[in-house]
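Enquirer: What follows is a single structure, and I will ask about it in a moment.
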Amino acid sequence: MGSLNQLDLLREEHLKLQSKYEQLRQQYAFLQAKVDPGQSPDAGSLAGELFATMKNLFEQHTFSDIVIHVDGRDVKCHKFLLMTRSNHWNDLEGLESVEIKDTSFEAFEVVYRWMYMDVLPRSKFSNELLKEVCQIAFRYHFSGLQARCVQLLKARVDVSNCISLYEFADVENVIDLRDYCGAVVAAHWSEFKPQQFAHLPAPSLFRLLKKNSHHVLHSIIQLNREDVLLLYFIENDSKVSALVNAIDQTGLSPLELALTSGHINMANQLLSKNANCNAVDEAGKSILARMIEKGRFVSGDVFACEFLASAGADLAFVHEKTRSTLLHFIASSSSNQNAMAEWAESRLKEMSIDSTDAKGRTAVLLSVVSGNLPLARVLINNHADVVKADGESRSPLSVALFERNDLDLSAQIVKLGGISAVNHRVDKESLLHIAVKRDSLDISKFLLENNAMVDVEDKSGATPLEVAVRQNNAGMVNLLLTYGASVRPPRSGQNYILHTAVSKGAQMLKVFAEKAKDVDWSASGVLSYALDEKALDCARIAVSAGAQVESKDSEGNTLLIQRILQSDDAGATFLLEQGAKHLVKDSHGRSCFELAAFYGLINTLRVICGLGVNINERTGGGFGYTVLKHALSEGHYDCATLLVSLGCDLESVTADGSFIQTMLHHFIDTADEKAAVFLVQNGCNGNATRASRDSGDEKEEVALHRAVAAGLNELVAALVTAKVNLNWQDAQGRTACHIAIQEKNAEALSELLKANDVSFLSVRDKVGQTPFSLAVVTKEHSLAAAIVERQPHVALQTNGNGENLLHTSVKSNDLESVLFLLSTHTDATRVTTDGSKRSALHYAANVDNELILRNLILAGCDVGLTAADGSTALHVAVRANRPVHTEILLENGADPNLIDERRENALLAAVRCGSVDCVKVLVANANVDSLAVNKNAQSALHLCATLTGEKVPPRSSPAEICDLLLRREAGRLSDKEFGAFVDLRDADGNTALLLAYMAGNGDVCRCLLRGGATMGARNADGATMFTYETPTRLLLFRLLDSLEREPRWSDGDMCDCGVRFSITVRKHHCRHCGRLVCAKCSEVTMPIAKFGEEKRVRVCSLCAEVLTTGCVR
């Protein structure tokens, strides 16, 4: 039928309604234009007034002039209205009544109301009533009502009523409705049954099919309407021969459709019209082949096949592509197999029974494959070839056995095919192999009972017995051995069948032990293989079957040694339990006892020890350690524990090697910490030493030292726990704690410090270092802190010089160590224990690191603390010319006037040492006593006068110090006091100027002279500048020449010439140098221009010479 669906119909109807609406709108606009725009159409227009009058006449007898007879009742009406609504009555002028026939009053009442009111009821308007109203409209030509009825009916068309409405429209000739219903029928053709069209008249149905069906003939056959078929033949008489062989969209011909539908009469009519019963479709299949293939026959209906055969269908048909015959199609069919088999048997002489298709399958093979057993039996009974296989080597017997599992059918095939059928091979495998691989015991038994070859090989060379073993099918193995399967010896590249049996378990091997014949259990290696597979139950079966436990391999090793070498504890124990000898040795001379310990076979070792053995047996041919070493080296601690519990020696020593050492040292050599700890925890000698076998090397080592050096900290902990000697010292005098510090091994140190006795912290090495001092010197402060935490007073230990670590750290300018020691709350105020009594602050004052000094002060060091020589830190700082240190000390309250053993304060000490920078700091400090003198009555000027250039820093001079001293005192003393300060005499009567002259310190002399120093002062020895013997007098002449003003006069009782002053010998002074002279020594008078003295004054002979000739000498 047509392909339109209901949505397409609705879309088409919608477009029609839109067109009609547009037409009505235009008509409405045209009428509206004729009405007075100021009036309502209903109120004032002629059309409106006529419409209103017509409505008022409904059911009113006013002006009624005709009667309508309907369904036995009379209805009054108006002729003008009847003439207006219908053109059925051409002239009503002479009539007083009309009759509406074959109509119910209910239907006419709807029409009557519509005539006056132009409306149809909206509710209670059934399809039947609507059809009747529509019938009236078309019979009596109510044109306005016709369109409205058709629209209402089209809106109500659905699948359930479209056929009845089509019939109604066809009878009443409502073309629009009929076409619409026909389209709905076409759209839903597949939903209808032929019975729904049975009441439809042949012409109507024929018109429906012609308009809406693409394949009218097929549709007629589907509806089984022979009357319509006759109309079709009549109408298409000239071309019926072609039409009866045309196919529909599914490829069906009319004849095939008729037979498929069971319409035999129609099929006969089609044949009478020359329908082709041998036509083939696009796939090349005939009608009969296609019908068989699709299984279209109902139970017992073989008439169709016979019908086609009788009609001349080709029973020898062969499909061109698949080469399938009709028997192949019947074999593949799954419906009505019994009836088809009977029909095939009746026509078997006309078919080829042994023909093969493209896959090489005969009909009997294909019937077995498809499960068409009725046909298979028919073909077998008719002597079909049951041995022939297809392209995949499948035979009827193989399919019957393995795909159908039908032993009865298989028996029939074997009966016909004989032994060749039983021993047929599928893909180079016998049927017995296939049965075994599928674990099909029944099929295997069936084949064996029918003389299948039991030892036949498959394509891989395996027998069914070997396959059954691989598949672990003990029942199958039992069956095959029962039927005489042989146990073949192993071949190259293949596993021995008994080995495979072992891998499958004891049950499998037990079957062989009970059923197999002519098996050499000793030569087969079954016992060894069972042990390899850890199958002790199988091994026990093998021994019971005759396998020997003392068999040897190619190297001469017994089975027990082989198991030990393979670390098979359970296997070795099993062999010992079975009586294997335990005192034998392997090919390298190793005993079972040694090997068991080496490989960690605890159960084997326990059994061997129980059987009796030397527990202290040495390895390496008697030259090595005990077997305990093997157990520990390989990590077998359970074995080691057993050996120790049995008394094995822990202190064994090797007879060879570079060292004489115990087993403990051996494990330290190999860094096997766990083994070494085991020995210590089990009571070995932790203090045992290791010595070289070289007589010239006397160095000895203990385990603790070596463990610390190697980082074996767990061993260190174990040795400490075992209370070994922690004070033992090596050749360098080092304890284990020293080594821990050197190796930076914090963990080892921690373990050592856990000991109850930590006296080793006081032990010194050969260079005098304790562990703590070593940690500080090497700046391992975290380690040092750990030591202090364990032994707080350790930081106060002193060296041979009486210095503790704080003193030495300060001396070495090690700020980091100083800070560390201070952080450990070390007493910073402690002084050295030697005679010097110096504190850390004294050392800090002499170190070029002010941070050390500041931190010591912050730590509470007394800045006024004096050493044995009376020196304070300030003395030390100024002697070392450290001005910053000097300032720091002064800022922190250091007293600059404290005196040392020379009775010198800080300023005197600074001047003595030529510390120019420190002098600057001190003279700037108001608290410094710059007039102080030492025990020789020498002031700072005296000390400065004796300074040489080597004592002062580079680019400085003693004159700079002298100038600083003079400037300070000049600013704060009176002239008299200043003069007394400058000319102060020491214990020997020397002034600073005299000492400077004696020392040849010309710059200091000039500086003092600028300060007004007296040149003629005489010391206790009677020496003056003028009488003191020098190699040359050049300095004196230069000093005299450099005088800028007259010096202060000197006083005394003797002249430089040796004459004592008396009443007769008067004192005179040289107006140039100021010294005391007699008249004889000052005979010259002359003006001194450089002093501004214009008159002649007395000068000594020396000054006269200088003033006259200048400094020429």
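The backbone N, Cα and C atoms fix where each Cβ goes, glycine too.
Pasting the relevant annotations from TrEMBL:
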- 7-34: coiled coil (COILED)
- 64-124: domain 'BTB' (DOMAIN)
- 250-282: repeat 'ANK' (REPEAT)
- 359-391: repeat 'ANK' (REPEAT)
- 427-459: repeat 'ANK' (REPEAT)
- 460-492: repeat 'ANK' (REPEAT)
- 869-901: repeat 'ANK' (REPEAT)
- 988-1020: repeat 'ANK' (REPEAT)
- 1057-1108: domain 'FYVE-type' (DOMAIN)
Enquirer: Apart from its near flanks, which chain residues at least 6 from the ends of the repeat 'ANK' (460-492) lie with a Cβ under 8 angstroms of it?
Expert: 430, 432-433, 436-437, 439, 441, 444-445, 448, 454, 498-501, 504-505, 507-508, 511-512, 515-519
Enquirer: What residues elsewhere in the chain lie close to the repeat 'ANK' (359-391), defined as a C-beta under 8 angstroms and at least 6 residues from its ends?
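Expert: Answer is 325, 327-328, 330-334, 337-338, 340-342, 344-345, 348, 353, 397-400, 403-404, 406, 409, 412-413, 416-417, 420-421, 424, 426.
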Enquirer: What mean pLDDT score does the coiled coil (7-34) have in the model?
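Expert: Within the coiled coil (7-34), the model's average pLDDT equals 67.
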Enquirer: From the DSSP assignment alone, can you count helix, strand and coil residues within the repeat 'ANK' (988-1020)?
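Expert: In the repeat 'ANK' (988-1020), the DSSP-based counts are 16 helix, 0 strand, 17 coil.
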